[in-house]
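S.K.: Encoded as structure tokens, here's the structure I'll be asking about.
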Amino acid sequence: MLLDYDRLGWLRAALLGFTGLVAAFLLLPVVFIVLLSFGSSRWLAFPPPSWTLKWYEELFADPAWLEAALTSARIATMAAILAVVIGLLASFALVRGQFRGRNTLRGLLLTPMVLPVVVFAIAIYAFFLRIGLGGTTAGFVIAHTVLALPFAIIPITAALEGFDKSIEDAAIVCGASPFEAKLRVTLPAIKIGIFSAAIFAFLASWDEVVVAIFMASPTLQTLPVKIWGSLRQDLSPVIAAASSLLVLLTLSLMIVTALIRRKLSK
Amino acid sequence: MSGNFLHRQPILRRPDGIGGALPALTLIALFFVVPVVALLLRSVTEPVPGLQNYAILFGEGTYARVFFNTFLVATVVTAVTAIVAFPVAWMLAIMPPALGSIVFGIIILSMWTNLLTRTYAWMVLLQRTGVINRTLMDIGLISEPLPLINNLTGVTIGMVYIMLPFMILPLVGTLRAIDPMTLRAAALCGASPFDAFRRILLPLSLPGIAAGGLMVFVMSLGYFVTPTLLGGTSNMMLAAMIAQMIQSLLNWGLGSAAAFILLLVTMALYALQLRLVGAKRMTGGI
């Protein structure tokens, strides 16, 4: 009865206890960093001697942090839009196309997700240096679109595979052009997939560190590069404050995603 | 209407061609394949044509140590992750949904939290005067702070933390797909819970463990951020060594040779994984 929750007996208590421990382990750093950001100790003593908001004040007083966050948001938005559009087009070919090498093509388009980022990072760094895109926003966007593309293709192809093509055909039979049928019948039907693709693609760029470290210039750095730079210097509590805001962002993104998914699936 | 229908028939039959994939293909060819191939070419052309970069990498003890560290950490991380993930995935597969969604929420929150944020937290938690050492000393388990950071212990803890969701989530799928009746049948035939686990549940979940394990192993081999921040300079792993060769030493020949070795191992394991689980099942993982 090992797969019957109600009949596991003592084993259930043991497994539940273990699951609780692992959940606590997964939650620990996230909660810890938020608490730390309100602690008054510059040397990160914990529990902190008293509570304060001064690290947040220091964070907002330094325009470099805000600038880095805006740069990240700008690059991630552009990369996500590009990845979703290109990924959507590719998904139709990957799911419905009948041509030789379709599986090879799928494998190729998903490779950026599998190849260690550090290999891609130095490759694109060298390439962009040569063609003059090093340290530019365009270079950042292109590199991040490559990395975000698999994260767009996976949910969209999954949604498209679950969509019955005969509904689209019915629209064509009723007089819609193939393009119109795709736009007004198929796209609304796979909107959850497209929405997930947008979120994943955005996060793939927003959180990306390795390519960004190589691509960054003194005048163009993303938030992860800024955090990386600070981490290499010292473990200042200001990083905890910035990190807590990122946790807040993650939480709001999770809630928005859950709400939108619920609304879209109605 | 019927005339219209017949007229439209050929359009319906025409499948989507490769056309839609062309923008993606162009992007990947131009900004992924070309740069990577160009990089790998540098490994056999710089500073002079030949295989001397590979000879250096395989010939010198310093590099052998880096390769050893990398495989050791990836192996330990994979094993620990699998052992910790299995019971959790097992519970998640059969838990009441209300309770399960809390655990899923925590897993997703941890997974979606910025990688640097999570690593920073571990840097603070694991340091000499950090919470973990303090707590262990306060309750009298140790008298000296344990060296938990700037060594492979720190890297392993941080990596297991990051890899756990990648193991738990696919395993839940595998475990949910197992028909509970097979276990009920085993119990009816007199199998003890331990026998049922060893001879039915574990073998049936093996494909999921293998797929997740391979993914974790491959990801660990090429990981850069966490090993660099938690491992310190004397315990370098492969990805950090590659970055250092390029960024600080400007030794493009040696760096790209090391990158080629990493790429080769990764792609071989990726191919193995595709064969094991099939491209479709793996890509449906998200």
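Glycine residues also receive a Cβ, built from the backbone N, Cα and C atoms like all the rest.
Remember, it's a predicted structure, so these values are computed and weren't measured experimentally.
The domain 'ABC transmembrane type-1' annotation in TrEMBL covers B:67-273. Taken from TrEMBL, the feature transmembrane segment covers B:21-41, B:66-86, B:98-116, B:155-179, B:200-225, B:245-272.
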S.K.: When each of B:66-86, B:155-179, B:200-225, B:245-272 is checked against the transmembrane segment (B:98-116) for Cβ pairs under 8 Å, which one has the most?
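M.R.: Looking only at B:66-86, B:155-179, B:200-225, B:245-272, the most contacts with the transmembrane segment (B:98-116) come from B:155-179.
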S.K.: Honestly, do the transmembrane segment (B:200-225) and the transmembrane segment (B:66-86) touch, with at least three Cβ pairs under 8 Å and pairs 6 or more apart in sequence?
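M.R.: Between the transmembrane segment (B:200-225) and the transmembrane segment (B:66-86), contact is present.
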S.K.: Would you mind listing the long-range same-chain contacts of the transmembrane segment (B:245-272), meaning Cβ under 8 Å and 6+ residues beyond its ends?
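M.R.: Residues 36, 39-40, 42-47, 53-54, 56-57, 63, 214, 217-218, 221-222, 238-239 contact the transmembrane segment (B:245-272) from elsewhere in the chain.
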